[in-house]
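Taken from TrEMBL as is:
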TRANSMEM  25-48  transmembrane segment
DOMAIN    41-290  domain 'G-protein coupled receptors family 1 profile'
TRANSMEM  60-82  transmembrane segment
TRANSMEM  102-120  transmembrane segment
TRANSMEM  141-158  transmembrane segment
TRANSMEM  199-226  transmembrane segment
TRANSMEM  238-261  transmembrane segment
TRANSMEM  273-292  transmembrane segment
């Protein structure tokens with residue numbers, strides 16, 4: 001590995017799939033197709049949720065925030081991945097790596113907490129319908145979203161800052177497609193057991209605790225749904241909640257497998273495929289999961305398209 005006589009390298013060499021170059025072109029094409037799809041899908045959800053007055057409810061307020069998060073989340077890594085996979089240059093500057101590290105983990109941490117808030121919203125809507133408008137008023141929703149963003153930023157800034165201060169002993173090669181905390185910890189030299197332990201403990205609160213909260217919320221929701229006498233009401237409740245649960249498992253599954261184990265025990269290819277999954281696949285699928293299983297969003301989108309063509 002290249003060695004330099006500085007406390008931090010000027011740039012990092014990202015190995016990516018250097019040992020399997022035949023993978024680079026297919027992955028480049030996939031990213032080139034899925035990235036615009038993710039952006040268009042999430043922009044569409046933001047537009048219909050904002051422009052259609054029937055969707056001005058807490059659920060769609062949180063969904064709008066989720067779509068905005070997904071756009072920022074995937075944008076923090078995909079353009080750099082495309083540059084890496086499509087060209088001969090396999091490096092990223094130290095500053096670029098630091099910026100990516102902060103933004104990627106701010107968006108990821110915030111989304112972990114936002115999905116828990118969305119499950120709480122569904123719990124109140126189904127289990128406490130008479131108190132829903134009182135509990136989930138506009139001020140409460142704004143406060144919850146602000147708290148979620150603050151929590152995500154606190155996690156990312158603290159963990160990324162500590163990670164960037166780890167000694168690299170002149171090593172500037174990362175076996176990854178992007179800059180990510182576990183991979184940087186693994187690449188560091190010297191004693192790093194305390195950093196691994198801290199990351200695991202923090203991620204228990206950022207991943208495991210929200211996931212347990214979500215599962216508990218949906219256990220209560222499931223119990224309440226079976227008490228609904230109307231089959232139409234049960235169907236609508238299951239449709240809304242199942243969409244959210246699909247998103248939850250797509251996001252938390254890879255995240256837990258990556259962050260709740262010591263970075264030193266992570267296999268060589270795991271970070272690359274996990275980053276592709278929760279950084280690219282999930283943001284691309286989220287708009288389709290919510291729209292295909294949600295009559296309100298599909299109806300609002302149809303009304304918006306018709307109004308555009310009618311005005312023309």
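Yeah, the Cβs are placed from backbone N, Cα and C, and that goes for glycine too.
Averaged over the domain 'G-protein coupled receptors family 1 profile' (41-290), the predicted model reaches a pLDDT of 87. Here the transmembrane segment (273-292) has long-range neighbours at 27, 31, 34-35, 37-38, 41-42, 44-45, 63, 66-67, 70-71, 73-74, 76-78, 81, 104, 108, 176-178, 180, 243, 246-247, 250-251, 254-255, 257-258, 298, 301, meaning same-chain residues at least 6 beyond its ends whose C-beta is under 8 angstroms from one of its own. Stretch with the largest number of CB pairs closer than 8 A to the transmembrane segment (60-82), among 25-48, 102-120, 199-226, 238-261: 25-48.
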